[in-house]
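Asker: Not my notes, these are from TrEMBL:
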type	residues	note
BINDING	Cys64, His72, Cys87, Cys90	Zn(2+) binding site
DOMAIN	87-107	domain 'C2H2-type'
Amino acid sequence: GEGAKPGEIPTDVNQSTGLERLQVLGALEGVEVFDLKPLDSSRIGTLADPIKVFSMEPERVVGCTGAPAESHELIWFTLTREKNRRCPECGSVYALDFQGSEHAHEH
């Protein structure tokens, strides 16, 4: 952005950059640019029907609290598009729903 005028205190719109700027500008338009909604905790994911986790990246950190939600302490693990993961506490299975570019991280 243009930045703040001399003598003024800059706003988030004036001084944000990168992903933070994307988020700030999205909020001004009423668009949530990052998917921060909780995962489906109404059921246990299975190998045949895992809980799908949307991602624009080939891996994503996921937290599980069981089904129903808050059934056990929060457990974090990393999902990749190559392999589904099972929560070691409740056994729920998660699968990455990769929607990004196949070549995004190639050099």
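Cβ atoms here come from the backbone N, Cα and C positions, even for glycine.
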Asker: Could you tell me which of these binding-site residues, Cys64, Cys87, Cys90, has the fewest other Cβ atoms within 10 Å of its Cβ?
Answerer: Cys90
Asker: Other residues with Cβ within 8 Å of the Cβ centroid of Cys64, His72, Cys87, Cys90 at the Zn(2+) site?
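Answerer: What remains near the Cβ centre is Thr65, Gly66, Ala67, Ser71, Ile75, Pro88, Glu89, Gly91, Ser92.
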Asker: What three-state secondary structure does DSSP assign to Cys87 (Zn(2+) binding site)?
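Answerer: SS state of Cys87 (Zn(2+) binding site) = coil.
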Asker: Sorted by position, what residues of the same chain at least six away from His72 (Zn(2+) binding site) have a C-beta under 8 A from it?
Answerer: Cys64, Thr65, Gly66, Glu89, Cys90
